[in-house]
Amino acid sequence: MSKRITRVLFKISGESLSTDSGNRIDEVRLSRLVAELRAVRNCDIETALVIGGGNILRGLAQQKELQINRVSADQMGMLATLINGMAVADALKADDIPCLLTSTLSCPQLADLYTPQKSEEALNQGKIVICTTGTGSPYLTTDTGAALRACELKVDILLKATMHVDGVYNKDPRSFSDAVKYDRISFKDFLAQGLGVMDASAVSLCMDSNIPIRVFSFVKHSLEQAIFDENIGTLIGEEATHVHSS
């Protein structure tokens, strides 16, 4: 990417806040996220954040386990993202980092109702905008919510931080030792191959608005690296597909 990046949106999984020992929101991991968001902000990058809720509850999994209907399960998942967002917002404020916590669901005691206009104003003021509760509608994931926010806020790039893979592969590298990683993959090739690291609906939205997506490992790399180091992860965009050479 040759374009200067001035505004980004990070999609962070809820798992990035939790530990294997069972802490749903771990102090060390939360502190790391806050420190990294500060580092990005110090680079004069306007920053929005969409965080998942998988560390607390996975709607689809809960639907099957508890035999509740899909709409209720997805709404429970949305509330889990709000809990994470509240934790991040309070941690940012405790570190004197200005932020705006938003929700697509109306809960005025907890968060501002999301609007593109209010979020745009906050970004222009140097605040980190935290977007929770996905799209506010069931059957759509936080990936799709992140893509929608990226389009509305006209970010330069959407950066998806994962905990399990370090980019886009032709098949799951955790299951197949011969999986091939892409340095770059075009929107059209990603969709044609039905790759699973990001929802097709999210990729389609970004393709329509020509917003590139970088998928990277939050275990191996920092948020700042994901913005400035073009050699990490995989870039999904308009450029031709290129397989990683080891």
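A Cβ is built for glycine as well, from the same backbone N, Cα and C atoms used for every other residue.
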Exercise. Given that Swiss-Prot lists Gly53, Thr135, Gly136, Ser137, Pro138, Tyr139, Leu140, Thr141, Thr142 as binding UMP, which residue among Asp74, Asp112, Asp156 does it place in the same site?
Worked result: Asp74
Problem set entry | Swiss-Prot annotation, ATP site containing Lys11, Ile12, Ser13, Gly14, Gly54, Arg58, Tyr169, Asp172 - matching residue among Thr47, Thr162 | Thr162
Problem set entry | Nearest-integer angstrom distance between the alpha carbons (Cα) of Tyr139 (UMP binding site) and Gly54 (ATP binding site) | 15
For this session: Round to a whole number and give the Cα-to-Cα distance in Å for the pair Thr141 (UMP binding site) and Thr162 (ATP binding site).
Result: 15
Seminar exercise, completed: Keeping only the binding-site residues of Gly53, Thr135, Ser137 whose C-alpha lies within 10 A of that of Ser13 (ATP binding site) yields Gly53
